Amino acid sequence: MARSPAARKPSAAQTVAVTLALALASAGLLFLLVRLSPSSPSPHPHPHRRLRLRGARASPSPRGQIPFDPVIAGLERRRDDREWERLAAAGLHAPGFEAAPVPEDYIDGGGGFGADPDEDYINDAARFNLTRRVEALFPKIDVDPADGAVTPAELTAWNLASARREVMHRTARELDLHDRDHDGRIAFSEYERPSWAWRFDDHNSSNDGVGWWKEEHFNASDMDGDGFLNLTEFNDFLHPADTTNPKLINWLCKEEVRERDKDNDGKLNFQEFYNGLFYSIRHFDEEASTDDSNVSDAPARKSFTHLDLDNDGLLSADELKPTIGNLHPPEHFYAKQQADYVITQADTNKDGQLSLQEMIENPYVFYSALFTEDDYGFHDELR
């Protein structure tokens, strides 16, 4: 019996064509699955963010974000130290000259800050798992008490300890720069700027000694009165806002009076207080926080009366001591400011504190100064 045409065996060419089509379809499907699937599970919703170290600070810089993670802080310190040494080798540091202007060509690829932008990243060779870092740090922050929640006070204390480490590290580096005889302390003559440095000094154009780094400031920082500044005393000298040295606090108060004492009587009358000092402290003064939209001087008079302990109608340097923390905010102020901000951003249930889960779910709040969008590919350093 003859076979029907439909039952004929496919030709070799038809078989090859069908096989090739199936193979291509399978390969395309496999490619899509591999392309769209992550190589490993990741809880982070921002796969194109890279962890990046902050800009180099080869000389003391204005306050920025306090580093949250000691690991990152350590990497930044080591990188900053390299830049510091590089500047010193290029002759851009000299005793008493810690704020030298850096040439543009040195910044833009001449061997300095901009030479290798990629080195600022914690790259694929050093994976940085944010979740594990937060898990490791949480019990170190949650200590007072260890109750499974980070309070504003606990986070402030953590930030303050980190800030103090950073400040002391920079102070030690400055001390090494000025300590010409390498005895671990500096005399005023070691800190004094050389004459050639004055052309760079924007603070003083009269070349009268060391400008605003007056010798009396140095002597006030010398707590033990031996004529030298050790590391702690030199740190107070550079950062007087955080000092507990009574001599230095008194010097700060005298400077506030001297700056505003128009009639040179050694004290501030109400107008001298009102036209200068009051507006510097009112932001921090709870008693002066009432509405004064009618431009009344009543809040200023209330503050003046509160400070004028001897009721002589004048404010002495001693009477200004209660305001010195407002005029020169210490590190604690900035540590608390950052802690309060972070908690408002990560406290999803609005209970005023942070759980471990809230910190894990909001890691970029803590590392916000360290992230940048990456336009040229995916990097999995955050797994």
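Numbers here mean position along the shown chain, with the first residue as 1.
Placement of Cβ uses the backbone N, Cα and C atoms for every residue, glycine included.
Nonlocal intrachain contacts for the domain 'EF-hand' (215-244), taken as residues 6+ away from its ends with a CB within less than 8 angstroms of a stretch CB, comprise 60, 164, 167-168, 171-172, 174-175, 184-188, 191, 209, 250-252, 325, 328-331. Taken from TrEMBL, the feature domain 'EF-hand' covers 215-244 (among others).
Mean pLDDT, taken over the domain 'EF-hand' (261-283), works out to 88 on the 0 to 100 scale. Under the heading domain 'EF-hand', TrEMBL lists 261-283 (among others).
Annotated domain 'EF-hand' per TrEMBL: 295-330 (among others), in sequence order.
Per TrEMBL, the feature domain 'EF-hand' maps to 334-369 (among others).
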